[in-house]
């Protein structure tokens, strides 16, 4: 759909439109100078090495959760259960980490990642399987599964897996400082970012250069044709959903192993929901997810500064994300027509 | 605890009370979604509309002192958000499911953003009618305190069912949902019909939000809605696009939502969070039981892509 240039131009236009709409909201409702606000946001997101590292740290789970929407989207499915897979992945990782905590950091982290990916993958594969074999709409079921996942997390964290010493904020026992996932050399950014970038690269290579990826494209383009070609559509749906869910589960593991050190309600802070936005903004392209996640991680990182300096509510960032989402979706209508409009405009000027 | 000790009988009673109290937002949102879907479009953004309705109703009631004015304003805001959804979906190539998700995020964020000043103050509540005055047991009296909006919701369900079946407008809405060609053949503008149906559906959802902030739980905060707007979408599918069945399904969901606090009140605290997931599990189970991959659902509007 459209050339790469057209895709970038339309997305840039949509971003510009959302910046204008958000700016108007700032002026007329909050009485804040939008240019000052945007300058502050830039400063809070990319202005210094310190803030840029904060942005990258936030981008890591966004990259991974975005894949949870992007991979099934390749087959024409809209999965929005990212938050649920992240949360359950985090709980599974914490449980696994505590179980094998004595066997050294490498084994612990591998066990945590494996547990998180299996649980997250199974969770989203459930939505895909229900779609394929029972005809249940995957968008609605994956969202319901998110609410169920958050309830399960609360149950485990406050019940069977609770550390009796965590009084104010019920949590699982810590996995131990020695077992924490380290930072990338020379920075404060944890290895989750590298996991995310590697996952995107793998997805891109598989989609671009393998018959598996080509089959996914055929199914996404026209499932009937795919079936007539003899492709086992159900298998692809399950694998894509499981892979996406595994990525989101890994995001939960990274949050536990690199940020919190244990699983608790801080896992459900909305990285999964922002991941949906990242995937749509990147038009479900694995490589485009990386810069988009960094951009949205930056918007999230700048929220605190906006709150402190301009006295804006912390939800300002969510409003901006919502406006961007709607503008990007509305901009779909420009594809294949933007050049025609430009042409008409020029012709009118010439007259 | 005041009143008589009812023992385990307290659980079904609390569930009845829950069905009456908790179901009202479900009734309004599901009727709105039902109308929208009968016209051939799905609006997943009603969760955002619900939050915006709750926030504006609370703010209006606080500033004007009149909760019913708040309900009216919430309906107006819902109307605008519904119209926005419809207008966006009217553009070629724009996906209605994705737009719904976008507007859900937008509406929720905007409600938090604009509603920040209203978290602390206390706005006047909508009153309740005491239908339980005949009983001497205080729990029964409490359970039968009925908000007028609940009764309006019931009336609305029957009115909508009647209008869809018997009026010219109902016929046109159903035609737009069943077959675009047929609608065009009788000279109806499908776009305008869907715009109106989505806008009115949004207004219903706004009223549902007003109930949340002005009656039960009766305050404005960021955790006010826990997915009622989305569960309503599943509920409409379960109710097979029939307003009367939407009403029954809403009552069922209200009762399911009351299980976990009801059990806690009689001393069962084990698995509190698991029971709190009951409405979601119920929705999912119902969808699994009623959907089928081989055919589209019985009663489904023919032009509705989401359930094909």
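The backbone N, Cα and C atoms fix where each Cβ goes, and this holds for glycine too.
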Quiz prompt | Segment assigned the feature transmembrane segment in TrEMBL (from B:144-164, B:165-185) | solution = B:144-164
Practice problem: Please check if the transmembrane segment (B:272-291) comes into contact with the transmembrane segment (B:195-217), where contact means 3 or more CB pairs closer than 8 Å and the residues in each pair are separated by 6 or more positions. | Solution: no
Quiz item: With an 8 Å cut-off on Cβ pairs and a sequence gap of 6 or more, do the transmembrane segment (B:195-217) and the transmembrane segment (B:44-62) reach 3 or more such pairs?
Solution: yes
Quiz item: the transmembrane segment (B:6-32) vs the transmembrane segment (B:100-119): three or more C-beta pairs under 8 Å (separation of 6 or more)?
Solution: no
Quiz prompt | For the transmembrane segment (B:223-239), sequence-distant contacts whose Cβ falls under 8 Å of one of its Cβ atoms, 6 or more beyond its ends | solution = 25-26, 29-30, 32-34, 37, 42, 44-51, 54, 104, 205, 208-209, 212-213, 217, 245-246, 248-250, 253, 279-280, 283-284, 286-287, 290-291, 297, 307
Quiz item: In the same chain, who gets a Cβ under 8 Å from the transmembrane segment (B:246-266) while lying at least 6 residues past its ends?
Solution: 7-8, 10-11, 14-24, 26-27, 30-31, 34, 153-154, 157, 231, 235-236, 238-239, 272-273, 275-276, 278-279, 282-283
